[in-house]
Amino acid sequence: MASLPGLNDSLHPADLGVDLNEPKHVSITAGSEWRVDVPQESKLTIKVHSGVAEIFGTELASDVPYVFQGTKFAVYAVEDAEFEWTSPELTSHSISSDTNMKFIYNVHFALEKLRVSSFEGPRVLIVGESCTGKTSLAKTLCAYAIKFKAHQPMMVNLNPQECIYSPPGCLTATPISDVIDVSSSTWGQSMTSGATKLHNKQPIVKSFGLEQISENKERYVSTFQQLANAVRGRVQNDSTVRRSGLIIDTPPLGQLSDDFSELKEIIYQFKVNAVVVCAKDDTLALKLNEHLPVETLAIVRLPTSSGVVQTDDVYKRALQRNAIREYFYGDFNTVLSPYTIGVDSDMITVWQPKSVLVQSDSQDDLLPVEINASNLQHALVAISYASRRSSSEEVSASPILGFALIMDVNDTKRKLRVLLPVPGLLPDKAMILTAYRYLE
Ligand SMILES: Nc1ncnc2c1ncn2[C@@H]1O[C@H](COP(=O)(O)OP(=O)(O)OP(=O)(O)O)[C@@H](O)[C@H]1O
C-alpha cells in the first residue's frame with residue numbers, strides 16, 4: 001500500500017508478533033568485546049552461559065542475571081564466551097576486536113611487579129582529555145588488582161563530576177576490598193546502604209560542592225589536599241592498602257590549569273610515582289614529560305580504545321541524578337528507606353562554597369546562605385562535623401558526616417522538609433550547599 005503523504009514506513013505499527021522480551025544469544029571470541037549503550041529509560045539483563053567474560057576487569061558469574069540501566073560499557077571475552085541478553089528497547093550494540101586490553105594487561109602486570117617487590121605499592125595517576133577512557137582504566141586496574149591476590153588498592157577519585165561510591169560534587173578515596181558491582185554506575189554500595197548484596201565499601205569523602213573546578217580552583221586544591229591527608233593516615237595504618245597502592249582518576253585535563261599546577265600538586269600530595277596518559281597519540285605524554293618531575297616519575301601512554309564513547313552533559317547529569325537517588329533510595333537490588341523530617345528554618349545553618357559565578361567581596365572560602373526556597377529547594381547539602389555555630393574556616397576544614405536533601409522550603413511558615421538517609425534528628429551541625437539539585 002502506498003504511504004499517505006507525510007507518513008513513511010518508520011511510522012508503521014510494530015510487529016505485535018515479535019516478543020521483545022525474548023532473550024537473544026551472543027557469542028564472542030576471546031579478545032573481542034560486545035559494546036552496548038543502554039538508554040536511561042531502558043533495562044538490559046545479561047546472563048553468561050559459558051566462557052569467561054568480564055566488564056571493566058570484573059568477571060561475570062555464570063548463569064547469574066546482571067541488570068543495567070542508563071549506562072555504556074563492553075563485555076570483554078577473556079575466553080570464547082556465550083551469553084544471552086534481554087532488553088525491549090536496546091538499539092545500539094556491536095562486537096569489536098579493536099580493544100586496548102593487551103596494553104591494560106601490560107600496565108597491570110607492571111603494577112603487580114611493583115606490589116610484590118616493595119612494601120610501598122605503586123601510586124598511579126591516570127590523566128587525559130575528556131572521554132579518553134580514564135575512569136574505565138581505573139576500574140579495570142582496581143578489578144585486576146583484587147582478582148588473584150588479597151590486595152586492597154585505594155581508588156582515589158579527583159573528578160567531582162564523577163560519582164564513585166558517593167553523590168556528585170565529592171572527591172573520594174576508597175579501599176577496594178572486594179568485587180566491584182558491575183551493574184552500578186557508582187561502582188556499588190557504600191557504608192550508608194546497610195545490608196547489601198555485595199560487600200560494601202568505606203569511602204573517605206570530601207565535599208567540593210561546586211560543579212566546575214574552574215569556579216573555585218583554590219577550593220579544589222584544598223579539598224584534594226584534605227583528601228590526601230586522610231589517605232596518608234589510612235595508608236600508614238594499613239599495610240595491605242599501602243602495599244596495594246593508589247589508583248588515582250583525575251578530571252579531564254581541559255578543566256585544570258594549562259601550566260599543570262594542580263597536577264603537580266596532586267603528584268606531590270599523593271606521592272605519585274607513575275603516570276598513565278590516556279590518549280590516542282603521544283602529544284600529551286611528551287608535553288607532560290617536559291613539565292612534570294620525571295626524575296621521580298614513570299610516564300607511559302595507554303592508547304584509548306575505539307570503544308570509549310564521547311559522553312555529553314545530558315548523560316553525565318543522568319548519572320549524577322542516579323547517584324543522588326541511589327544514596328537515599330538505593331537501587332533495584334537494595335531498596336533503602338530514607339527518612340523525612342520537618343525543621344524550623346532558624347534551626348539550620350547553611351554555607352556555600354565561594355564561586356566565580358557568585359559576586360562576593362569576602363575572602364572566606366564559604367559564604368553564608370539565606371534560608372529560603374529559592375536558595376535551597378531540592379538542594380543536596382553536605383552535613384559537616386562542625387557544629388552549627390562554627391566559623392566558616394572551621395566548617396571548611398571539617399570532614400563530612402553525610403548528605404541530606406532539602407525536599408521543600410516553606411518561606412511563609414519558615415519550615416523545611418529534609419530527607420536524611422537514616423532515621424533520627426537532624427544533626428546540630430553546619431551544612432554546605434552543593435551545586436546539585438534533585439527533584440523526584
Ligand atoms: N570499550 C568500551 N566499550 C563501550 N563503552 C566504553 C568502553 N570503554 C569506555 N566506555 C564508556 O565510554 C564512556 C567514557 O569512558 P570513561 O568514563 O572511562 O572516560 P573518561 O576519560 O574517564 O571520561 P571523563 O573525561 O568524562 O572523565 C563511559 O560511559 C564508559 O563506560
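Including glycine, each Cβ sits where the backbone N, Cα and C put it.
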Message: Per TrEMBL, which of LYS72, LYS102, LYS206, LYS217 sits in the ATP site along with GLU33, CYS131, THR132, GLY133, LYS134, THR135, SER136?
response: LYS72
Message: Taking 10 A as the limit, how many CB atoms besides its own sit near the CB of CYS131 (ATP binding site)?
response: 16
- prompt: DSSP helix, strand and coil counts for the domain 'Clp1 C-terminal' (336-440)?
  reply: 13 helix, 48 strand, 44 coil
Query: Including all protein chains shown, what's the count of other C-beta atoms within 10 A of the C-beta of THR135 (ATP binding site)?
result: 20
Message: Among LYS72, LYS134, the binding-site residues in question, whose Cβ has the most other Cβ atoms within 10 Å in this structure?
response: LYS134
Average pLDDT across the domain 'Clp1 P-loop' (128-330), rounded to a whole number: 90
- prompt: Within 10 Å of the Cβ of GLU33 (ATP binding site), how many other Cβ atoms are there?
  reply: 23
Query: Quick one: DSSP breakdown of the domain 'Clp1 N-terminal' (28-117) into helix, strand and coil?
result: 17 helix, 48 strand, 25 coil
